[in-house]
């Protein structure tokens, strides 16, 4: 009873202060230029991937349908965290209203949860293509692909609604300083002045369902793929099979390795500030690298890109000749 009265007399936090990546002005200026360049490059790369997939009929396949969804997703969630990161580097520690912080948290959780399930769907697609090639047109028909993609997006939104509702209803009485560059789950839970056991339980269960569940699907798919590849008759066939999933496997490995490291060593990371560096990797670096990996490792995307560049060059030459 006394605890309730004490909390009731406290002033609810109206805003949070994000310390950002660095508080040193000299370093902030350099980092601002670097991350602004990375952000624009990420938007350009993923927009190009979506354009290639939409404009080339040879890319109208399930694998590229999921890749287009992934590129759209990468642009969305990098645009959730990057503005506050850039603002913090430009102005120093920035003040974020409570509502804006919760909205950012909601969008981030929704997009990161969607990415987990979407990567699992892409792993399943590769499993069907390599392990059950004769049934691929049936098992990965357009209706199934659309259903998997919609399930990923809707599932991410539902998880985010539950987690954000629990975190947003907690009491924040001060301090209000977040040693991060965006409103993430752990920093907000650490600032709450009420019991967070139930919220932590919800966070844990949702992580098990979304993160671990999608990871198990991806692992099971690639174990089955590996077993199938080992039993293929020729080395050329094995190389061709592996080349179709190498890009996705690399992206999955980068993403899950960083996230697993963050959540498996919380005390060590929080004491050293390494969590911010690792967060940069999976919120900034991974979205920028994914299109590069898919373009360099995928022959069909590479050919489509060459065709597009050739058409642009021909169109430019024709325009110059017309004006001359």
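Cβ coordinates are placed from backbone N, Cα and C, and glycine is handled just like the others.
Here TrEMBL flags 45-294 as domain 'G-protein coupled receptors family 1 profile'.
According to TrEMBL, the feature transmembrane segment maps to 30-54 (among others).
Residues annotated as transmembrane segment in TrEMBL: 66-90 (among others).
For the transmembrane segment (102-124), the list of distant contacts is 63, 66-67, 69-70, 73-74, 76-77, 80-81, 84, 96, 148-149, 151-153, 155-157, 159-161, 163-164, 167-168, 182-185, 188, 206, 210-211, 213-215, 217-218, 221-222, 248, 251-252, 255: same-chain residues at least six beyond its ends, Cβ to Cβ under 8 Å. Taken from TrEMBL, the feature transmembrane segment applies to 102-124 (among others).
Under the heading transmembrane segment, TrEMBL lists 144-162 (among others).
As annotated by TrEMBL, transmembrane segment applies to 204-225 (among others). Packing against the transmembrane segment (204-225) from elsewhere in the chain are residues 113, 116-117, 119-120, 123-124, 126-127, 130-131, 155-156, 159, 162-163, 241, 245, 249, 252, 256, 259, 263: each is 6 or more residues past its ends and has a CB under 8 Å from a CB in it.
Residues 115, 119, 122-123, 126, 207, 211, 215, 218, 222, 275, 278-279, 281-282, 286, 289-290, 293-294, 297-298 of the same chain lie 6 or more positions beyond the ends of the transmembrane segment (246-265) yet place their CB under 8 Å from a CB of it. Residues or ranges marked as transmembrane segment by TrEMBL: 246-265 (among others).
Per TrEMBL, the feature transmembrane segment maps to 277-296 (among others).
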Cβ contacts the transmembrane segment (30-54)/the transmembrane segment (144-162), at least three under 8 Å, sequence gap 6 or more: no
Same-chain residues at least 6 beyond the ends of the transmembrane segment (66-90) whose Cβ lies under 8 Å from its Cβ atoms: 18-22, 28-29, 31-32, 35-36, 39, 42-43, 46-47, 49-50, 53-54, 96, 104, 107-108, 111-112, 114-115, 118-119, 121-122, 125, 145, 148-149, 152, 181-183, 279-280, 283-284, 286-288, 290-291, 294
